[in-house]
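Feature list, courtesy of TrEMBL:
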- 8-131: domain 'Peptidase C39' (DOMAIN)
- 172-194: transmembrane segment (TRANSMEM)
- 173-386: domain 'ABC transmembrane type-1' (DOMAIN)
- 206-229: transmembrane segment (TRANSMEM)
- 281-303: transmembrane segment (TRANSMEM)
- 309-330: transmembrane segment (TRANSMEM)
Amino acid sequence: MKFPSFIQYNTKDCGPSCLKIISKYYGQEYSLAYLRELCQVSRDGTSISSMRDAAEKLGYDVSVTKMSWKTLNNDNIKLPCIIHLRQNHFVVLYSIGVDKKKLFISDPAIGLLTYDEGTFCNLWLDDSNCGLVVSLKPTPRFWSITLKTNSNAKQTQIKEIVNLIKPYKIQFIGIFITVFTVLGLNTLMPYLAQSVVDKGIESKDISLIVLILLAQVMIVVGQTSANIIRNIITLKASTNITINIISSFLHKLLKLPISFFETTLIGDIIQRVRDCDRLQVFFTTTLVSIVVSSLSVAIYAVVLGKYNLCVFIVFLLGSIIYCLWILFFLRYRKKLDYLKFQESSVSQSNIVEIFEAIHEIKLHQLEDKKISEWKQTQKKLYNASIVHVIISFEK
């Protein structure tokens, strides 16, 4: 059975997310909001003591131990357990390989990972070659605790999304009409080019060649006009959708208690607003691109199959390889996306922190330190972006 994984919502949610992962492994489902409240998450994250108290309230027998790699590796700890990394980050260690060289991790920031001994020790051990381990053992009280969960949450989210785009169905119909118009005109171009060579040039019929060229010019004008109309409709629909999404998000955000804003980084909130733009891009650009690409592949496959079977087979194989490539790396793209969100949030929080604490920074001469922290975050973001470009062919 695949070990559970859960991606934390905010950069400081690793502690309660680890409790959620282990509780799910033992058969109990808790909402992250409930676990955040138990762990008393602050802007600095979750402390070991607050996590221990939260785990005890959930019905765990908790022990916090500082141990060496040798002790951990000799099966002296109950798995899964929570590991505190030196970067002030909690992860779940759920298995150690038979050869004792591989460690299997459920990281709330990324997902399921595998570390070798050297990498894990560099992340975990401190200067005294010891690291913190939070061991959790369920007691009978753990299974006696019952909480109501919102099983219809996903359906509610889908319904909200549908309601957001429903008022603009006419605009979407207009977008797809222009898309089909452009595709139809594109389909005519190869046949017109063939007619120029086979009929016009071969028969030396200048009037026919001029007529075909005029037809091609008219097709280009038609394509350009259709694209302009589509862009105008898309701009109108996307602007309205963005306003509705962000305003809906802000309405819900401002209804939250003050304690939420006291424990949440500003960078996380700003990044959530930017993610609203991604929803708008998906509905108005990505969705259209998927339809256009799928129809284009189907149309050109038929055209190529009619002209040359070998070229058709090469085209078909290339399309299949591309689709398999995208599907194969989909899980990795998802992890990278979460990682980019985390690093973008930290980067924005660093910038906000610099200007909010400018007096203290200048007083204690911390300018270089703060800039260095921001640069380190940018390097991590750059590395994640490079890998994303390689595996997705996107910028």
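Cβ coordinates come from backbone N, Cα and C, glycine included.
What you are looking at is a predicted structure, and each value in this text was computed from that prediction instead of being measured.
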Pop the mean pLDDT for the domain 'Peptidase C39' (8-131) in here, whole number is fine.
86
I'd like the per-state residue tally for the domain 'Peptidase C39' (8-131) from DSSP, helix first, then strand, then coil.
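Its residues fall into 43 helix, 36 strand, 45 coil.
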